[in-house]
Amino acid sequence: MLLHLDASARRRSFSREIGDAVADAWKRAHPDDAYVRRDLALEPPPPIGEAWTELCDYVLEHQITDPARYKEAVRTAAQAEAWAVVEPLLTELVAADTLLIATPMYNFSVPAVLKAWIDQVTFPRMSLAGTRIVVAYARGGAYGPGMPREPFDHHERYLRDFFSGHFAVDDAVFVGTEMVNALLDPALAARRGEHERSRAAALEAADRIGAPL
Ligand SMILES: Cc1cc2nc3c(=O)[nH]c(=O)nc-3n(C[C@H](O)[C@H](O)[C@H](O)COP(=O)(O)O)c2cc1C
């Protein structure tokens, strides 16, 4: 199953466009496999609350590592309410062979709706080893190797570190476009070509990345 998440607050979005290209290539290669799409911008997961932390503490204290057993942590009405939010999100994540996340960079990092989803579905010592992860991204500026803004990339770096450090997925694939702000900002007009080239390269790569997943 492919789980496809969107996180951009806008409909006409470059991360959505590139994510769609990966998903289309995957669908052509897997016409009979299940595909689930969740738009985190349209239906934002709530931030975790105190009852969620109680579930998490119980799982850690009782050394529960199998997500199928997390429900044992539910002991109060508030915890049941918190679990009712987690359960559908976690069920589709655990069922996914491939996780495709389409996300913009917001304020050097990921959108709050994506962070809220991560907070909801992540429990101690939870592994997603074996799950393929692809991130389709868009950024207003340029953060690649050697760019002045490279040290400010808490977007790809955060996601890579998190997938690797917490979920044991070391080979997440990132594909995206940069310098989107050149389309809007007159001061960056000379750099529109950079954006257009990175967008074209991402769409071409999306095809190659999606099919073999
Ligand atoms: C709230 C907000 C914060 C943003 N912060 C950054 C940023 O820190 N760095 C950057 O390069 N671009 C930033 N941008 C620009 C977006 O990354 C860019 O417009 C991107 O194309 C958005 O993705 P989308 O096209 O999928 O909606 C920001 C845009 C918004 C709306």
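From the backbone N, Cα and C atoms, a Cβ is placed for every residue, glycine too.
These features come from TrEMBL:
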BINDING   Ser13, Phe14, Ser15, Met105, Tyr106, Asn107, Phe108  FMN binding site
DOMAIN    2-175  domain 'Flavodoxin-like fold'
What three-state class does DSSP give Asn107 (FMN binding site)?
coil
Out of Ser13, Ser15, Asn107, which of the binding-site residues has the smallest number of neighbouring Cβ atoms within 10 Å?
Asn107
Tell me the Cβ contacts of Phe108 (FMN binding site) under 8 Å, same chain only and six or more apart in sequence, or just say none.
Phe152, Asp153, His154, His155
Using DSSP and collapsing to three states, where does Phe14 (FMN binding site) fall: helix, strand or coil?
helix
